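Visitor: Below: one structure in structure tokens.
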Amino acid sequence: MATSTEHRRDGGRAGSFSSSSSDTAGNSTVLARLGDEEKLTPPEELEIHELDEYSSNSEDDALLMEKEDDDEPPKPQPPTEPKKGSFWSALIWMAVNTLATIGIVFTNKAIFTDPSLKLAQLSFACFHFLITYLTLYIISRPRFAFFVPRSTSLRNILPLSIAMSLNVILPNLSLAFSSVTFYQLARILLTPTVALMNYILYRATLPRLAILSLIPACLGVGMVSYYDSLPTNNTNIKTTSSLGVMFAFLGIFASSLYTVWIASYHRKLQMSSMQLLFNQAPLSAFMLLYVIPFVDTFPSSWGAVSVNKWLLIGMSGLYASLINISQFFIIAQTGPVSSTVVGHVKTCTIVALGWATSGRGAGDKGVGGVVVALGGIIAYSIVMLREKKGGK
């Protein structure tokens, strides 16, 4: 999780519930109606988390309150979002979110390096869904009242819960079989994929400059995919396997579909991101329990799993909780520019640390792809922020 995910320019999709998907700097766009004209806006307005892996840009998401009868006196309502805090408060929560997102990616990668845990992905996702649900349950209690829980029918939420599960499991599998650098950069492709889905489904288009900026972003990811998957004789260099590439692209499709559906479900069910996630997480965990015995490969002996690995699993759950909580405050206390900057800081930091720990040098040919991909997605964000500002 980063049962990320990391909805937000993360990380976070995600999250956020967050998974190692809390990852990405939210590089996707979803359909929103502004006036009489259809335009694309970042999905961070519509959901919390990257996984995350979203992972990441978040904007205000007003919680819908039920209308009261005009003839009855108004009833006191618990607060549904934190009061606007000080600059330092917002800065602290952004720092917490950034560190937790970075932490969950590298923690999950360390967990997946254990061969006995690499193929227990459904169990790992189920654990994160439960952590996400417990976190949301606690912060929804009257003592905290971060949001007001709402329920919906199983039929309404089932498709979204299935998409949510794939949105976590496939990116986690990508991380297990890929280098951190490739895993994080591949999530950039969420933006053009979601834009394409929105065009096919809703005929929604992007500004010309935004489309042009996505071209180098896609080319950069392609360059990194090629050079990072080349075999090498240096055992110190971490590379990406063909399975990692396959799971990455499958994960991008699943995450993009989840992002598009999230926008639709916001409108359909009239729920906020946390309210939707509060319904999705336990159902996703419950469904996985029926599949885990047939899919996951467990260690021959749980006692053989080192104490350090159990500590890492606990830290991963803690990071997921911190991402969910901090993302809520970021949504309430910062605007799109701040959220975008935080998202890009997370992406660039994860990519840089991933490169530094991969054993590759500064002269590696993949560096060019990294620079081109990051430059393209940052340019896209600038164009979209200007477009949004000009459309107001």
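Even glycines carry a Cβ here, placed using N, Cα and C.
Curation does not apply to TrEMBL; its annotations are automatic.
Pulled these features from TrEMBL for this protein:
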COMPBIAS  1-12  compositional bias 'Basic and acidic residues'
COMPBIAS  15-29  compositional bias 'Low complexity'
COMPBIAS  34-52  compositional bias 'Basic and acidic residues'
COMPBIAS  58-72  compositional bias 'Acidic residues'
REGION    1-83  region 'Disordered'
TRANSMEM  87-107  transmembrane segment
TRANSMEM  119-140  transmembrane segment
TRANSMEM  152-170  transmembrane segment
TRANSMEM  182-202  transmembrane segment
TRANSMEM  209-227  transmembrane segment
TRANSMEM  243-264  transmembrane segment
TRANSMEM  276-295  transmembrane segment
TRANSMEM  310-330  transmembrane segment
TRANSMEM  337-355  transmembrane segment
TRANSMEM  367-385  transmembrane segment
Visitor: Name the range, of those listed as 87-107, 182-202, 276-295, 367-385, that has the largest tally of Cβ pairs under 8 Å with the transmembrane segment (119-140).
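Guide: Top-ranked stretch among 87-107, 182-202, 276-295, 367-385: 276-295.
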Visitor: Would the transmembrane segment (209-227) count as touching the transmembrane segment (87-107), if touching means at least three Cβ pairs under 8 Å and pairs must be 6 or more apart in sequence?
Guide: no
Visitor: When each of 87-107, 276-295, 310-330 is checked against the transmembrane segment (337-355) for Cβ pairs under 8 Å, which one has the most?
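Guide: Answer is 87-107, with the largest number of Cβ pairs below 8 Å.
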Visitor: Relative to the transmembrane segment (243-264), which of 87-107, 182-202, 276-295, 310-330 accounts for the most Cβ pairs at distances under 8 Å?
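Guide: Per the Cβ under 8 Å count, 182-202.
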Visitor: Quick one: do the transmembrane segment (87-107) and the transmembrane segment (310-330) reach 3+ CB pairs under 8 Å, ignoring pairs fewer than 6 apart in sequence?
Guide: yes
Visitor: Using Cβ distances below 8 Å and needing 3 or more such pairs, separated by at least 6 in sequence, tell me whether the transmembrane segment (367-385) contacts the transmembrane segment (182-202).
Guide: yes
